[in-house]
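A.B. asks: Take a look at this one; I'll ask things after.
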Amino acid sequence: MPSFKIVSDFALTGDQPQAVEKLAKGLVSGLTDQTLLGVTGSGKTFTMANVIARVNRPTLIISHNKTLAAQLYSEMKEFLPENSVEYFVSYYDYYQPEAYVPQKDMYIEKDSDINEEIDKLRHAATRALFERRDVVIVASVSCIYGLGEPEEYRSFVLPLKKGQSFRRDLILRRLVDMQYERNDLDFSRGKFRLRGDTLEIQPAYEELALRVEFFGDEIERIVSLDPVSGELLAGIEEINIYPAKHFVTSAEKMAEAIKSIQAELEDRLKELEAEGKMLEAARLKQRTNYDLEMMEQAGYCSGVENYSRHLAGRKAGSAPWTLLDYFPEDFLLIVDESHMSLPQIRGMYAGDSARKKTLVDYGFRLPSAMDNRPLSFDEFKARVKQAIYVSATPGPYEKEHSLQVVEQLVRPTGLLEPVMTVKPTVGQIDDLLEEVKKRVAKNERVLITTLTKKMSEKLADYLVEMGVKTHYLHSEVDTLERIEILRDLRLGVYDVIVGINLLREGLDLPEVSLVAILDADKEGYLRSEQALIQTMGRAARHVDGQVIMYADKITGSMQRAMDEIIRRRKIQEDYNRLHNITPQGIRKAIKDINERIRSVTAEVSGPEFRPTPTLREDIARLIKELESQMKKAAKNLEFERAALIRDRVVELRAALEIDPLGRK
């Protein structure tokens with residue numbers, strides 16, 4: 001059985017060795033809930049990787065947003081390069097859920113845009129769980145949403161072996177049942193084609209395609225091939241082909257499901273008619289019968305997930321199958337930034353339920369649609385035998401349920417918690433400007449957090465007028481643009497960034513020496529003990545880190561936050577003194593803040609975002625792939641994307657020292 005193997009230039013240091021030891025022992029002794037209280041910059045991800053390697057169990061890591069999940073995924077791949085590290089987040093680039101607004105009599109149809117590359121990574125994640133145990137899946141909270149039944153999915157797996165006798169027409173039928181589409185012209189993900197005695201399949205979870213060559217009904221050869229160039233690569237003795245969709249249903253189950261849906265429809269129509277809701281009854285009858293007709297003819301309909309309870313043969317009210325059900329029973333759960341992730345998991349069920357209830361009440365959906373939902377928090381916990389919560393500021397749930405809290409307060413660099421100062425609000429802007437100028441003179445950076453958007457905008461404008469290179473970071477800035485702005489802060493394009501609630505978890509900004517918190521004494525979500533500690537942590541990566549809180553009184557949250565920072569700083573100072581350590585500022589390549597995300601973005605966005613390869617043949621192959629994508633984009637009327645790809649092709653041709661127009 002393969003084991004986890006850490007590959008790193010670094011050894012465990014600071015508080016990391018004792019944290020790994022305690023957490024691993026806790027897992028071995030059967031502790032159900034543990035917390036790793038780790039400060040910013042203490043190497044929590046490296047600790048997690050070492051705990052996983054020590055206990056050698058399949059692991060699910062949940063992060064509360066896609067950006068942090070991408071960072072974690074990239075870091076885990078670096079620490080565990082010989083193991084299966086996978087990425088599982090929502091595959092929607094855009095998602096508008098189905099909804100009805102009774103006050104306006106307005107029905108909003110479901111609208112979505114699926115990212116094929118992310119869907120491929122999701123399929124790769126579930127495939128890994130069926131084939132090996134040395135698996136780490138980094139996921140967002142989308143992992144608690146419905147997925148196909150694991151055993152049904154497994155029953156559709158198609159094993160192929162060199163020398164095996166297998167009628168070709170049966171293989172084709174199996175592929176269609178597995179939701180693969182036959183297309184002899186457009187050979188892309190989730191499709192297959194047949195040319196004479198040669199069958200080519202593009203699995204839903206792989207970059208490479210497969211060629212299966214027959215001699216009569218015998219499989220003569222299996223080989224992987226590059227789907228763009230057609231180049232044959234490695235020979236394969238045997239392989240399992242997994243379904244192209246997570247929701248796969250046999251013909252028998254589909255027939256049973258249709259009967260079950262018809263029975264539910266009859267019962268629901270009687271209820272609505274008895275209540276005098278004739279319009280709702282007529283609407284439900286028309287919509288459901290149309291869906292049933294589509295399912296009978298095509299085995300699928302728009303919004304088929306709303307019938308998932310019937311298709312899976314589940315009882316009313318029962319929990320859906322999710323990614324958690326694909327893991328073996330002894331899997332380990334790690335919840336990153338648990339103070340944010342756990343409340344998010346808890347809130348998913350209620351929000352989904354309220355929207356669906358309106359659709360059911362007004363005849364847009366059958367009551368069984370309520371069972372197409374995320375797990376409730378209790379259902380989620382029931383599927384987890386052992387969990388580790390990771391946070392610099394554990395929330396109430398972690399504090400109450402953890403049987404062991406392991407602290408990781410000492411940084412490998414010896415850096416201390418920032419020095420804190422409380423200043424009055426009178427004259428705060430002038431004082432802040434002076435503090436900013438001191439940092440700018442030393443080529444250091446500043447983060448300023450306010451309570452309102454208006455205040456942030458005004459302050460940013462004022463600082464710009466005063467000659468300070470400032471940028472305002474607001475909630476409407478998308479993830480990748482936000483990363484660019486933070487990168488520009490590190491590069492010195494800006495010296496100051498002003499924001500509201502955007503300066504907290506997951507920011508790696510070693511150049512920031514000052515964090516200024518305005519209206520620190522306004523109790524609330526943005527100025528709670530947790531929020532203050534997280535915000536202060538942004539200055540903890542600089543050797544001269546300082547936090548200034550502008551307030552007219554010291555609130556309970558402020559006092560508790562300051563007491564905790566002082567406690568941590570004392571532990572750090574004592575450790576440094578005992579081990580004769582001088583704090584060292586972090587010198588991290590500027591690209592690092594962005595590169596971790598960029599590498600995953602390239603992986604999940606498409607070939608036009610990939611970096612330029614170094615080998616000429618790889619550049620030529622990428623050009624060929626891009627030209628295919630460009631034609632496809634133009635055919636789909638995606639002209640902006642086609643133009644973007646065209647520009648990238650011109651760049652690559654220049655790299656090959658070929659005239660952009662292709663003239664030699």
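Here the Cβ of each residue, glycine as well, is placed from N, Cα and C on the backbone.
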A.B. asks: When you get a sec, could you say which of 91-114, 115-138, 403-426, 451-474 is annotated motif 'Beta-hairpin' by Swiss-Prot?
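C.D. replies: It is 91-114 that Swiss-Prot describes as motif 'Beta-hairpin'.
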A.B. asks: Using DSSP and three states only, what is Gly38 (ATP binding site)?
C.D. replies: strand
A.B. asks: Given a separation of at least six residues and a C-beta threshold under 8 Å, show me what packs close to Thr45 (ATP binding site) in the same chain.
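C.D. replies: Once residues fewer than 6 apart are set aside, Thr45 (ATP binding site) is near Leu72, Glu75, Met76, Phe79.
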A.B. asks: What other residues of the same chain, not counting Gly38, Val39, Thr40, Gly41, Ser42, Gly43, Lys44, Thr45, have a CB atom within 8 A of the CB centroid of the ATP site?
C.D. replies: Thr47, Ala392, Gln408, Arg411
A.B. asks: 10 Å Cβ neighbour count around Val39 (ATP binding site)?
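C.D. replies: Within a 10 Å radius of the Cβ of Val39 (ATP binding site) lie 25 other Cβ atoms.
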A.B. asks: In sequence order, what residues of the same chain, 6+ apart, have a Cβ less than 8 Å from the Cβ of Ser42 (ATP binding site)?
C.D. replies: Gly14, Asp15, Gln16, Gln408, Leu409, Val410, Arg411, Pro412
